[in-house]
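Visitor: According to TrEMBL:
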- 363-619: domain 'ABC transmembrane type-1' (DOMAIN)
- 652-876: domain 'ABC transporter' (DOMAIN)
- 994-1274: domain 'ABC transmembrane type-1' (DOMAIN)
- 1311-1545: domain 'ABC transporter' (DOMAIN)
- 63-82: transmembrane segment (TRANSMEM)
- 102-119: transmembrane segment (TRANSMEM)
- 131-150: transmembrane segment (TRANSMEM)
- 162-181: transmembrane segment (TRANSMEM)
- 330-348: transmembrane segment (TRANSMEM)
- 476-496: transmembrane segment (TRANSMEM)
- 553-581: transmembrane segment (TRANSMEM)
- 987-1014: transmembrane segment (TRANSMEM)
- 1034-1056: transmembrane segment (TRANSMEM)
- 1104-1126: transmembrane segment (TRANSMEM)
- 1132-1152: transmembrane segment (TRANSMEM)
- 1223-1239: transmembrane segment (TRANSMEM)
Amino acid sequence: MPHSSFCIVRGPARTYVRRGPRSLLLRPCCYRLGEGDCFCSFDPNISVHTDNPDLTPCFQNTILAWIPSIYLWAVLPFYLLYLKHYKRGYIVLSMLSRFKTILGVLLWCVCWADLFFSFHELLQSRTPPPVYFVTPLIVGITMVLATVLIQYERLRGIQSSGVLIIFWFLSVLCAVGPFRSKIIAATAQGQIKDRFRFTTFFSYFALILIELILSCFKENPPFFSPVNSDPNPCPELNSGFLSKMTFWWFTRMAILGYKRPLEDKDLWSLNKDDTSSIIVQQLHKEWDKQKDEWKHAESPPLVVWEPKGPTKEVLIRDKRQHKEPSFLKALLRTFGPYFLIGSFYKLIQDLSTISSRRTEAGLFWNVDAPSWWGFLIAALMFFSAVLQTIILHQHFQYCFVTGMRLRTGIIGMIYRKSLVITNSAKRSSTVGEIVNLMSVDAQRFMDLVTFLNMLWSAPLQICLALYFLWQTLGPSVLAGVAVMILLIPLNAAIAIKTRAFQVEQMRYKDSRIKLMNEILSGIKVLKLYAWEPSFQEKVLEIRKNELRVLKKAAYLNSLSIFAWISAPFLVALTTFAVYVSVDENNILDAEKAFVSLSLFNILRFPLNMLPQVISNLAQTSVSLKRIQQFLSHDELDPNCVETKVVTPGYAITVTNGTFSWAKELKPSLKDINLLVPSGSLVAVVGHVGCGKSSLVSALLGEMEKLEGHVAVKGSVAYVPQQAWIQNATLKDNILFGQQHNEQKYQNVLEACALKTDLEVLPGGDHTEIGEKGINLSGGQRQRVSIARAVFSDADVYLLDDPLSAVDSHVAKHIFDNVIGPEGALKGKTRMLVTHGITFLPQVDHIVVLVDGKISEMGSYQELLKQNGAFAEFLRNYAPDEDIEEDELTSTADEEVLLAEDTLSNHTDLADNEPVTNEVRKQFLRQISVISSEGECPKKMSTRRRVCEKKSAEPPQPQKILTDKLIQAETSETGTVKLTVFWQYMKAVGLVTSLVICFLYACQNAAAIGANVWLSDWTNEPVINGTQRNTSMRVGVYAALGLLQGLLVLISSFILAMGGINAARTLHAALLENKFHTPQSFFDTTPTGRIINRFSKDIYVIDEVIPHTILMFLGTFFTSVSTMLVIISSTPLFAVVIIPLAIIYFFVQRFYVATSRQLKRLESVSRSPIYSHFSETITGASVIRAYGRENSFVCLSDLKVDENQKSYFPSIVSNRWLGVRIELIGNFVVLFAALFAVLGKNSLNAGLVGLSVSYALQVTMSLNWMVRMTSDLESNIVAVERVKEYSETETEAPWIIEDTRPPEDWPTQGEVEFVDYSVRYRKGMDLVLKDLSLRVKGGEKIGIVGRTGAGKSSMTLCLFRILEAVKGEIKIDGVRISEIGLHDLRSKITIIPQDPVLFSGTLKMNLDPFNKYSEDEIWKALELSHLKRFVSSKPNTLEYECSEGGENLSVGQRQLVCLARALLRKTRILVLDEATAAIDLETDDLIQMTIRTQFEDCTVLTIAHRLNTIMDYTRVLVLDKGTIAEFDTPSSLIASRGVFYGMAKDAGLA
């Protein structure tokens, strides 16, 4: 028990303490508590002014003994509150816990033994002082409390108690003084006076020491805690208090990351509180509350009647009427409390920083002071620094985790919202912009939160620093303050301007990414039309503006850096200058100068951060607005389609329905009245753009219902016009989240004619399908989409023209086996939008739409009898029904034919998509499996034989997927190669790089010079209380400081220019390469991955790398100059530097290796979030139709969590590093101070000041240096990634000057294939084999064949999208392989199957190079039947097409492509089933146009609708890449070969 063993001699009112031989007079000692005497005394003579300090006994017995107890009782209420909410099960009683409890009880016994001993003395009539009763009582009760706490914590599942560790530590610390006093007293007196208390004290000391050691160990994990099924849980949860404080629990990963590059499996699972499911749920709840409050506030004004007097009404309006629901409030309520814990740490850290700076002043005290003062101050500085380090990093940890949670929450909210926003809202923000909300704006929140506490902390630090400065230098400080205040508007102006530039630059960046996105989606079309230069020009134009803004921002940035470096110096300069000139008795000595300097340095951080935080705040508020606006968009009304109550007997009812795509647009469908009986098949027909697809959307609830009532009974399956395919396996696409049922699944595959496709795909139904279904042909995608619908087994089927994308015989098969009266869906309600007349006689009802109204309804026969427009239309287009012929065909025969059709299907896997699918993926490995097996000796004999041979084989086993379709994005591992730095340096310019380094060295030399000059100045002798030469001193000091500022300005300026140059060259090279890359690259690389290079990586090169290099150079030179200064002033320090440097090096290597790999993993796991998101947005209507929103939300959450899993350790790695590096920094401070104390006789105060003030700065620069090294290594990866995509292989040159064909080539339009063979990529089978044929100029050739016979491949070869393996193609005798690609492609015209439009005006879409006059364009529009549509728009040719031409119907887009062809009017025209999405009437008009306008041209048509080519010169029938038949249509039908079979299927023969 702490008490004293001094002999106390009482005088009248004084107490003498006899200590050994001499007697000291103490102030009246207060053992007579309660007699009005002083409470407790502290005697400077005993404790300070002596070589052997000690504390007075009463101080030891009271204050010192009570400190731990006061602490424990003070934190108790808060701690109990915390424990009440802490639920983790209880911990089984362990040996550790038993020991701690027993020791606690023993401590209590020891304390009370003291108490009873005092009572015993009282009985012996020796009156002990009251303190001997009070202290043991207090301490004893506190020990009981501590013991109870040990057990209570165990029951609440606390494994390691911070509160108690601090309590035991304080107890030991406060007992060390008495412990020393007792030993000194005992040795001085040679005997022990108060044996009992002496014994109890030492027992007490031993026990608390053991308790402290034991409390550092942690208990076992709690029992009954929620079962943690994680294979790799985060160790933070079960780590001890000390481990948490120093982030020791991370060390294992740091070591692992150093040994080998980290992988996904090494990452810990997220803590439960950091997972999406919990965070987004909380945020959603708060946001819903906000919306509800807002709705109440928005309620109509109250009408208040006053009964008295004449009745008058008063309108009370709520003031908040126009406010939107506040997303900020929702965020604060969700994340505020956790964040405030971090703020609390920050407060403690700020207070301790300033107070420790006061401590240093002690180092400059008089030389006569006892040495122990110096050591004590050095130790205090060290301990307070360690404490600050620990507290600061706890604060950062809380801030960063809050930031991480914010990002998770915001992404989750945006994702959930995007599934329910209306179509008009979706139009107001493109996919790119919404993805930006997720990536850029969510990131802004993360960045802000880190430094948000500076908003209050900076003013606090500034006030405290100024207060201490006033104490040191008096009113002169005001001069410095004035300079600061003047600098604030400068900084603010810079921040505001930077902000404006940033907004402008974001705008350019957005439009550049949007354009790139479109270019990459439509790259094939650009290649086919040879339009690349026009679009490249556009991108470079935007980029030029973007860099112009960046340059301005860089000028400003240099200014702000100049202000940041010079501010503290200018403040110091003015303060010192004013101080010495106001009064010549003001002497600038070392203590004043260097304490002030270190206080000025403290000022530097808040002064600089404040404007930055404010500008960040401004940026984030813009982001907040954008996010809030998006989250406040209108949502689809889930109740606009009634699903429960439907008129009995009907599955779909619409009464007086009027629908539009947005409330402000005019209705697309008017007065719709529709009753669809349950189980019936209804066809919807009409012209292009008459509202067929809109009707389907209205039934799905996707349109705004302006009036009327819609009801759809039961679940819905929806097949959109353009199939939406997920990036998943084929099987997953069909199951779409349903339970797998093998029998049903096989039946669905059979019905949708997918069986044969599976035999061709490398992995069967486990083949991974690329983004947007890229490695399937158009027909296959559509069939997968139909299969998904059939498998879902819904009640109502809405089919939006699914049959237009497949060949006519496949369409017939699907109609018969799926949709028709005998198909798989019989008995279900089906609504089929179609252009195919052949199916109409078999449907129950037909709905005819004209301009958004239903013009006629009824069965096929009824409509024919009505003799309306529909009957007229039918008579013109219906094929003559040759009934007898049909009946003759035996069904068996038909099945054989069909089986063989689909068999030779898919040899090239690309049914009709011109290129996108052809060149697809490493897919076509086993592509000729079928062709090789199917060859029979007599090629033209009946097709039946092939089929029988095939069916006799046993079914093939499931193919193992040999090659993943889209290769996972690789992330580089290991150190970044030096070549990358070298490449970046070359991009910046080598001379520039060297100049920059030189300037940095100079600026540091200037800084050291200024400080050395200052230290010399403080040593100037004082004569008659004044210093001489003050004006010269001030002048030189000013000159050196300003020189440093100027050098900073120049170097940062040159660096910024170099960075922008590098950015320009790297982007230009990347763009150039991407436009020259062959199509096959785009087919195997997801767009997201290429876009990532253009957005994220280019952003890093533009803005992050130059900034990082700037910081790196700054910190590197500062650290070096610090070491030099300390060594030169205290040479002994060199000894310590070596071990510290070695530790520093190791920590840095561990950290960099781990952190770099974590960053890489994080960036690789980031892309899937966005690609899944854009996939979801495009397929939102399908997802909603099938009711799969929840599982998609879960999938998105999973992807976000995967990403945060690598982000969380990277935050912790920074904290781990920070604590360790700052510890090294603290040792530098400790040793600098110690050596200064040791050498106090040989050093002057100025040098001591210089070395210590430099040492104090070193922590910061060491810490930042490692971080910048790591950031630089992580970010320079962007250069590596951009470089990698700038050096992919390129296609042939666009123009070869030596072999340019004449201007008017080709004059004849003669096309000749000579022994032509081609394959998609190396290592694959041939798609066309030894093709030889000759087409005369002006001939019209129809190309037909089963899906995948090589039809599209043939057209691709003409454009050299595929290059020949052998043989050649000649056009008008010119070998196309010898001329430039653009010369070739600009002379042939194609109307591709997928109509691609780019956002921009209609005119730009028709004529990007501005080659043609307006009259020519109008003529083309008239011929393509678009004139009426275009002239009805207010801005005619300047009509803005939205992204992908979304605001035109598919048919209209196809007509735009026709208009393009009419404008180019070349001698050779290729039609790739260009009319699949168009109704028959328009199709007929188009065919007429092509016949008249391209009369003298060579036309090659890939046809699905055979009626379009029956009047062609010749028909080419392809089968498995070879020519099966090639002759006039009439002779082919007469010869009854392959073509005859196809014609018969289509009802044409």
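A Cβ is built for glycine as well, from the same backbone N, Cα and C atoms used for every other residue.
The shown structure was predicted, so the numbers you read here are calculated from the model rather than taken from an experiment.
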Visitor: Compute the average pLDDT of the predicted model within the domain 'ABC transporter' (1311-1545).
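Guide: Average per-residue pLDDT within the domain 'ABC transporter' (1311-1545): 84.
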Visitor: Residues of the same chain, at least six outside the transmembrane segment (330-348), with any C-beta under 8 angstroms of its C-beta?
Guide: 279, 282-283, 286-287, 289-290, 391-392, 394-399, 401-402, 405-406, 409, 445, 449, 452-453, 456-457, 460
Visitor: Which stretch, 102-119, 1104-1126, 1223-1239, tops the Cβ pairs under 8 Å count with the transmembrane segment (1034-1056)?
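Guide: Selected stretch: 1104-1126, with the most Cβ pairs under 8 Å.
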Visitor: Can we call the transmembrane segment (162-181) and the transmembrane segment (63-82) in contact, meaning three or more C-beta pairs below 8 angstroms at a sequence separation of 6+?
Guide: yes
Visitor: With the transmembrane segment (63-82) as the reference, which stretch in 131-150, 987-1014, 1104-1126, 1132-1152, 1223-1239 has the largest tally of C-beta pairs below 8 Å?
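Guide: Checked against 131-150, 987-1014, 1104-1126, 1132-1152, 1223-1239; highest Cβ contact count belongs to 131-150.
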Visitor: With CB pairs under 8 Å as the measure, which of the listed stretches 652-876, 994-1274, 1311-1545 comes out on top against the domain 'ABC transmembrane type-1' (363-619)?
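Guide: That would be 994-1274.
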Visitor: Could you give the residue numbers and ranges of same-chain residues that sit at least 6 residues beyond the transmembrane segment (131-150) on either side and whose C-beta is under 8 angstroms from one of its C-beta atoms?
Guide: 1-3, 31, 33, 58, 61-62, 65-66, 68-69, 72-73, 76, 79, 97, 100-101, 104-105, 107-108, 111-112, 114-115, 118-119, 121, 161, 163-164, 167
